Amino acid sequence: MDMHICKNYEDLSTKACAHVVGQIAGKENSVLGLATGGTPEGMYKNLAEQHEKGELSFQHVTTFNLDEYIGLPTYHPLSYRAYMKAHLFSKVDLSAVNTHLPDGQAADLTAECARYEALLRDAGGVDLQVLGLGHNGHIGFNEPGTPFSSTTHIVELDEKTREANARYFEKKSDVPRKAITMGIETILAAREILVLISGADKAEALREMLYREITNEFPATALQQHPNVTILADEQAAKELPGQ
Ligand SMILES: O=P(O)(O)OC[C@H]1O[C@](O)(CO)[C@@H](O)[C@@H]1O
């Protein structure tokens, strides 16, 4: 894994943006895997600014998000579709037909998981997958215990994850209990993975991701098996690493 320690969140966001721009410039028709959460917001802001300045086009880009809550209407402000619209889709020239998220409102959710996997395959797979890291090691919404052989599936959200995400909702009981997420096998199929980790509260999780034996009790350890992972961590997140 290629580890870069960034001075602070701004530096991390600038470098993350540059990495994505490099992907888009290097391959026409790039397929990006995108993440939600607080960590990538700065990266999206920088990408939108570059587009605004006329330096970046998403015209030939296709995107696939990692996950979506089950049960929130698509137009709900806290759905991940709404998050993506607010932070990126409404600000750049991505065509709506090229932006994909699992449909958490599908009548047949199992069929929806299969449809999403097939769509990913038909698009030729993900070139660059952006990931955040959960405190309990989740990647996407793959909670501890998820088999590494998992493809897109329905998950019951861990209480810790619901607590972490409660900050966006009025109260914790409003946080959905289920979601659809790309599986760990789906994530590892990406040709390249970019992991963004910020803040002292993620320091332990980053250390575990890098140094714990590979175990599905800490899903992010699966990344140790991938041949092309870049990690951007700010100094706060890196503070528990050996030598820091
Ligand atoms: O960037 P944050 O907000 O710390 O979230 C970390 C991870 O947790 C999730 O928000 C899910 O809880 C992921 O989407 C994200 O990658």
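Backbone N, Cα and C atoms are what each Cβ position is placed from, and that goes for glycine too.
Summarising the annotation, TrEMBL assigns active site, proton acceptor to ASP67, HIS138. If you look up TrEMBL, you'll see ASN136, GLU143 marked as active site, for ring-opening step. Taken from TrEMBL, the feature domain 'Glucosamine/galactosamine-6-phosphate isomerase' applies to 15-226.
Sequence features annotated in TrEMBL and their locations in the structure.
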residue: ASP67; record: active site, proton acceptor; contacts (Cβ under 8 Å, 6+ apart): THR36, TYR80, LEU101, PRO102, GLY140, PHE141, ALA179, ILE180, THR181, MET182
residue: ASN136; record: active site, for ring-opening step; contacts (Cβ under 8 Å, 6+ apart): GLU143, PRO144, ASP158, LYS160, THR161, ALA205, PHE218
residue: HIS138; record: active site, proton acceptor; contacts (Cβ under 8 Å, 6+ apart): PRO144, ASP158, THR161, PRO219, ALA220
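In the three-state DSSP scheme, GLU143 (active site, for ring-opening step) is classed as coil. In this view, GLU143 (active site, for ring-opening step) is surrounded by 22 other Cβ atoms within 10 Å of its Cβ, with every protein chain counted. ASN136 (active site, for ring-opening step) falls within neither a helix nor a strand when secondary structure is assigned with DSSP, and so counts as coil.
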